[in-house]
Amino acid sequence: MRPSGDEDRARRRRRRRRRRDLLLSQLCFLASVALLLWSLSSLREQKELDLMDLVGEDRKWMMARKLMQVNDTLTSEDAGLRNSKNCTEPALHEFPNDIFTNEDRRQGAVVLHVLCAIYMFYALAIVCDDFFVPSLEKICERLHLSEDVAGATFMAAGSSAPELFTSVIGVFITKGDVGVGTIVGSAVFNILCIIGVCGLFAGQVVALSSWCLLRDSIYYTLSVIALIVFIYDEKVSWWESLVLVLMYLIYIVIMKYNACIHQCFERRTKGAGNMVNGLANNAEIDDSSNCDATVVLLKKANFHRKASVIMVDELLSAYPHQLSFSEAGLRIMITSHFPPKTRLSMASRMLINERQRLINSRAYTNGESEVAIKIPIKHTVENGTGPSSAPDRGVNGTRRDDVVAEAGNETENENEDNENDEEEEEDEDDDEGPYTPFDTPSGKLETVKWAFTWPLSFVLYFTVPNCNKPRWEKWFMVTFASSTLWIAAFSYMMVWMVTIIGYTLGIPDVIMGITFLAAGTSVPDCMASLIVARQGMGDMAVSNSIGSNVFDILIGLGLPWALQTLAVDYGSYIRLNSRGLIYSVGLLLASVFVTVFGVHLNKWQLDKKLGCGCLLLYGVFLCFSIMTEFNVFTFVNLPMCGDH
């Protein structure tokens with residue numbers, strides 16, 4: 001049976017707490033990105049010294065043609081100003097004045113802006129994980145949404161809130177490419193870097209399901225193709241932005257009927273000999289197993305060794321086995337003809353018996369959970385065992401009764417261990433959530449973290465009610481509204497600091513979005529996916545990384561564009577400053593094909609080999625995108641205007 005709602009919420013809270021504990025690794029990663037950007041700024045300054053001498057007459061002619069195309073859509077006054085400057089107005093002028101001058105920042109004050117940006121990344125992760133997402137969970141419960149629809153709507157908005165607000169700021173405030181760059185960079189990061197990190201550090205080979213990956217990848221590919229078509233002319237109209245939003249509504253409908261579509265997909269692929277992963281990578285399973293449910297259960301148990309609950313109901317309904325008299329009696333007593341108390345008791349007993357059968361079956365596999373041997377297994381009932389035939393023997397001649405007895409003892413010990421683990425986890429959940437400003441944790445490292453996050457904890461403690469706590473549970477709408485405001489504020493501060501850093505170092509806004517902003521907003525999701533992959537749930541890690549990209553492109557870009565062109569200034573266009581974005585989005589499309597093709601060649605398994613390949617491709621994407629934006633291959637960007 002599926003875990004209850006309380007167990008789901010407890011598991012999600014533990015996952016969020018573990019993400020918070022990975023603060024040090026997140027800071028180290030962002031520091032390395034900042035060091036990379038500093039190196040790029042040095043190369044940028046060296047290149048700009050003799051830029052006009054190196055480009056030659058052909059490059060000057062291309063720049064003039066670029067200016068003529070832009071001036072066609074500007075007023076005469078703006079065109080004259082743009083023509084006289086031969087540069088792009090920096091987005092820094094759309095923000096309040098900085099307390100430091102550009103010279104002060106070049107002398108070292110920019111480090112303070114880097115630290116502030118990193119702190120904003122962490123603040124966004126805390127607000128999203130501990131306040132925004134729990135409030136969305138409460139909303140989904142009140143609306144009685146299915147898991148698929150809730151995941152495609154509210155949960156996607158919760159995980160992609162920083163990217164969405166960054167895009168809103170890029171459209172309405174900076175009027176530049178920082179939002180588009182962040183969405184594109186975050187999308188590539190989610191596909192290549194997250195899958196690469198999960199493959200390298202999961203600690204095990206994780207099997208992937210073809211259905212989730214193909215479903216999200218196909219629709220994601222259509223979304224990227226639509227984005228390429230719409231931004232090819234460097235402007236987006238109102239109907240193009242509306243198409244993106246409508247495509248996401250279609251995606252929600254697909255998720256609503258995901259189960260029916262999945263069944264059709266399984267019926268088409270089942271004839272090819274695929275039972276679990278949707279492809280013929282399970283040929284090593286012996287044909288004599290006849291796709292028995294034991295195979296599925298054992299294969300699933302291989303990745304959930306410590307789980308106290310296994311979803312046996314769906315697997316047994318899909319792959320039924322011959323029932324004994326006692327089993328049939330238990331199943332009859334869970335129907336609506338009996339009182340609720342009896343139904344609950346019989347359902348619990350049936351699940352215990354099915355788990356007993358799973359453990360007993362594992363005793364005959366000689367440690368190989370990939371192969372199941374079809375031997376009729378006795379099921380323990382309340383006062384004894386069911387009817388049995390002559391004593392059966394295992395594959396090594398061991399008497400079956402002895403093995404069953406040993407397996408029963410192991411089951412009892414395992415259940416006791418699981419109960420103890422659950423009690424410990426429940427005790428830990430009492431202390432879950434963000435740090436409180438008035439309770440100092442124990443341990444030096446925890447104290448340092450508490451001191452580092454004290455200003456953030458102090459502000460959030462008095463402004464955002466924690467709906468995870470029973471006394472604030474009914475205030476989830478207040479939590480939703482206040483956390484949304486804080487996400488908007490932190491996103492504004494984050495984009496402001498990153499814009500200052502890019503202007504000081506001479507790096508275009510789109511590059512800052514593709515690298516620094518994309519990494520900063522996606523590192524928490526990367527850590528969460530790694531935790532999920534270590535638990536053996538590779539499908540969830542990969543599906544979440546690709547599914548969130550669908551939201552980023554269709555809603556993260558489509559919604560702000562639609563608001564600007566339909567509500568704020570009807571009939572206007574969203575203009576892109578950088579022609580290089582079309583190349584970056586093209587690389588994004590290529591990364592989807594390469595990733596799915598690589599997973600297929602790797603027999604739908606997530607391992608270190610696949611992880612290294614994905615990380616290598618991510619490095620290639622960064623290098624190519626940065627060199628393109630710096631006009632190394634062809635002219636795509638006007639230089640950024642200086643102070644004077």
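Sequential numbering from 1, following the chain as shown.
Positions of Cβ are set from backbone N, Cα and C atoms, glycine also.
If you look up Swiss-Prot, you'll see 1-44 marked as signal peptide, on the strength of sequence analysis.
Positions annotated as N-linked glycosylation site by Swiss-Prot, on the basis of sequence analysis: ASN71 (among others).
In the three-state DSSP scheme, ASN86 (N-linked glycosylation site) is classed as coil. Under the heading N-linked glycosylation site, Swiss-Prot lists ASN86 (among others), citing sequence analysis as support.
The transmembrane segment annotation in Swiss-Prot covers 108-128 (among others).
Residues or ranges marked as transmembrane segment in Swiss-Prot (evidence: sequence analysis): 154-174 (among others).
Feature annotation from Swiss-Prot assigns transmembrane segment to 183-203 (among others). Residues 163, 166-167, 513-515, 517-519, 521-522, 525-526, 529-530, 533-534, 538, 541-542, 545-546, 548-549, 552-553, 556-557, 581, 584-585, 587-588, 591-592, 595, 606-615, 617-618, 621, 625 of the same chain sit 6 or more residues outside the transmembrane segment (183-203) yet have a Cβ under 8 Å from a Cβ within it.
Among the features that Swiss-Prot reports, transmembrane segment is placed at 211-231 (among others), with the record citing sequence analysis.
Per Swiss-Prot, the feature transmembrane segment maps to 235-255 (among others); the stated evidence is sequence analysis.
Taken from Swiss-Prot, the feature phosphoserine applies to SER308.
The annotation region 'Disordered' is assigned in Swiss-Prot to 405-442.
Annotated compositional bias 'Acidic residues' per Swiss-Prot: 409-433, in sequence order.
The feature transmembrane segment is assigned by Swiss-Prot to 485-505 (among others), with sequence analysis given as support.
If you look up Swiss-Prot, you'll see 511-531 (among others) marked as transmembrane segment, on the strength of sequence analysis.
Taken from Swiss-Prot, the feature repeat 'Alpha-2' covers 518-549. Note: the repeat 'Alpha-2' (518-549) comprises 29 helix, 0 strand, 3 coil (DSSP; helix = H, G, I, strand = E, B).
Nonlocal intrachain contacts for the transmembrane segment (550-570), taken as residues 6+ away from its ends with a CB within less than 8 angstroms of a stretch CB, comprise 152, 156-157, 160, 163-164, 167-168, 170-172, 179-180, 183, 186-187, 216, 219-220, 223-224, 227, 236-238, 240-245, 247-248, 251. Among the features that Swiss-Prot reports, transmembrane segment is placed at 550-570 (among others), with the record citing sequence analysis.
The transmembrane segment annotation in Swiss-Prot covers 581-601 (among others), and the record cites sequence analysis as its basis.
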| Averaged pLDDT, computed only over the residues in the repeat 'Alpha-2' (518-549) | 76
| task | Kindly say whether the transmembrane segment (485-505) and the transmembrane segment (108-128) touch, using the definition of 3 or more Cβ pairs under 8 Å where each pair is 6 or more positions apart. | result | yes
| task | Determine the Cβ neighbour count for ASN86 (N-linked glycosylation site): the number of other Cβ atoms within 10 Å of its Cβ. | result | 15
| field | Listed stretch, out of 108-128, 211-231, 235-255, 581-601, 616-636, that has the most CB pairs under 8 angstroms to the transmembrane segment (154-174) | value | 108-128
